[in-house]
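Visitor: Below are the features listed in Swiss-Prot for this protein:
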- Thr57, Cys58, Asn59, Arg60, Ser113, Asp118, Phe119, Glu120, Gln124: substrate binding site (BINDING)
- Cys58: active site, nucleophile (ACT_SITE)
- His103: site 'Important for activity' (SITE)
- Gly193, Thr194, Gly195, Lys196, Ile197, Gly198: NADP(+) binding site (BINDING)
Amino acid sequence: MENNTIPKHNTFYAIGLNYKKADAEIRGKFSIDAQSKSNLLQQAKTEGIESLIVTSTCNRTEIYGFAQHPFQLIKLLCENSKGTVEDFQKVAYVYKNQEAISHLFKVGTGLDSQILGDFEIISQIKIAFTESKALDLANSFMERLVNSVIQASKRIKTDTDISSGATSVSFASVQYIMKNVANIGEKNILLFGTGKIGRNTCENLVKHSKNEHITLINRTKDKAEKLAGKLNLIVKDYADLHIELQKADVLVVATGAQNPTIDKAILNLKKPLLILDLSIPKNVNSDVNELENVTLVHLDDLSQITDETLEKRKLHIPAAEAIIEEIKNEFSSWMNGRKYAPTIHALKAKLNTIKEKELIFQRKKLSNFDEEQAELISNRIIQKITNHFANHLKDEETMVDESIDYINKIFQL
């Protein structure tokens with residue numbers, strides 16, 4: 001019997017770490033850049049992993065995929081990042097099957113975000129799936145699951161107010177700057193790096209600070225020019241960084257590098273400087289704290305800022321969870337259908353074989369054998385039997401795997 005469902009000896013796992021137990025330094029070790037992700041996917045393919053997706057953001061690094069043992073996925077993560085198995089064991093989590101599915105739904109719908117209702121992660125999940133599919137590393141289960149999570153995310157965003165109000169890491173950054181820097185509209189603000197959080201922060205700064213002294217610097221100048229063009233900002237060459245740092249009152253770092261891009265040595269300051277490091281791994285060396293006139297604030301500090309908006313969002317968690325449960329149940333029904341469909345087809349084929357043998361026997365035995373009537377009655381009986389089995393397997397109370405095993409044994413499928 002052909003089996004087009006999940007391989008029996010493979011389990012669906014979610015492995016990873018996030019802001020809840022892993023601090024910025026540890027998350028930095030396990031962060032995966034574009035090249036490392038490409039290497040990881042290629043290695044997974046070489047090692048016979050059937051299907052997986054990889055996400056790495058400021059707040060979490062996770063792998064969702066099929067394996068005989070979770071260590072296969074943990075090994076992939078550690079070998080393609082600066083993290084170790086020992087570090088992983090201290091702060092990470094491993095979920096399997098239904099728990100792994102539930103975790104992906106919570107992550108993708110913003111319920112597990114560092115700032116509740118922040119939907120940025122869903123775009124990362126979409127990208128991760130597209131990258132895996134391009135390498136034939138996304139089976140039908142993964143495709144259906146990711147699409148279900150996207151559907152839940154859209155429904156929650158549309159049907160609840162869990163993402164209402166301007167609350168995100170980028171908005172928290174702007175709130176912090178506005179509260180802690182007097183006369184912000186007259187200050188020199190320097191954005192170094194144009195990562196997504198940096199771009200969003202820049203847009204929020206322009207909108208809320210009414211500041212016309214925002215300068216962008218990026219290693220790749222055309223990216224900075226593209227953003228500056230939209231917002232009517234100043235762009236400077238990377239070579240001018242040290243000069244612009246001396247002019248700045250506020251520095252927002254969003255370079256997304258694997259090592260610090262700002263340290264004590266580069267800061268030759270003549271006035272106080274507020275630095276916001278919005279990067280994982282940290283892109284500002286902690287040695288800048290040795291300078292008297294520097295205030296360093298990291299992404300994790302900003303994420304702890306709570307306000308009325310977040311408290312209001314919490315009221316919508318039950319409604320969001322109800323939507324997740326509904327779509328998860330639809331996914332489970334589809335998954336069970338995928339499991340038992342081959343068994344029902346095989347059962348029907350087996351009953352038809354039994355029928356044909358019996359009809360041959362009756363033709364020889366009876367001189368007035370009614371072929372048409374016998375076919376009609378037999379087919380109706382077979383359909384009724386298979387329907388009974390199908391309805392049993394569809395029942396929520398049924399232990400599907402166990403029932404399939406019994407059917408296979410009884411009918412020798």
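Cβ atoms here come from the backbone N, Cα and C positions, even for glycine.
Help me see these features in their spatial surroundings.
Guide: For Ser113 (substrate binding site), the Cβ neighbour count at a 10 Å cut-off comes to 24, with all displayed protein chains included.
Sequence-distant neighbours of Cys58 (active site, nucleophile) (same chain, six or more apart, CB under 8 Å from its CB) are Arg27, Val169, Ile197, Leu278, Ser279, Ile280, Leu299, listed in sequence order.
The Cβ of His103 (site 'Important for activity') lies under 8 Å from the Cβ of Ala14, Tyr95, Asp112, each of which sits 6+ residues away along the same chain. Reduced to three states, the DSSP call for His103 (site 'Important for activity') is helix.
Shown in sequence order, Ile217, Asn218, Val253, Ala254, Thr255, Gly256, Ala257, Thr261, Ser279, Asn283 are the residues of the chain, 6+ apart in sequence, with a C-beta less than 8 angstroms from the C-beta of Gly193 (NADP(+) binding site).
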Visitor: Identify, in sequence order, the residues in the chain of Gly195 (NADP(+) binding site) that are 6 or more apart from it along the sequence and have a CB within less than 8 Å of its CB; answer 'none' if there are none.
Guide: Ala254, Thr255, Gly256, Leu278, Ser279
Visitor: Setting Gly193, Thr194, Gly195, Lys196, Ile197, Gly198 aside, what same-chain residues sit with their Cβ within 8 Å of the center of the Cβ atoms that define the NADP(+) site, listed in sequence order?
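Guide: Near the NADP(+) site, the remaining chain residues are Arg199, Asn200, Thr201, Ala254, Thr255, Gly256, Leu278.
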Visitor: When the Cα of Phe119 (substrate binding site) is compared with the Cα of each of the binding-site residues Thr194, Lys196, Gly198, which one is closest?
Guide: Lys196
Visitor: So what sits near Lys196 (NADP(+) binding site) in its own chain, CB-to-CB under 8 Å and at least six residues off in sequence?
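Guide: Listed in sequence order, they are Glu120.
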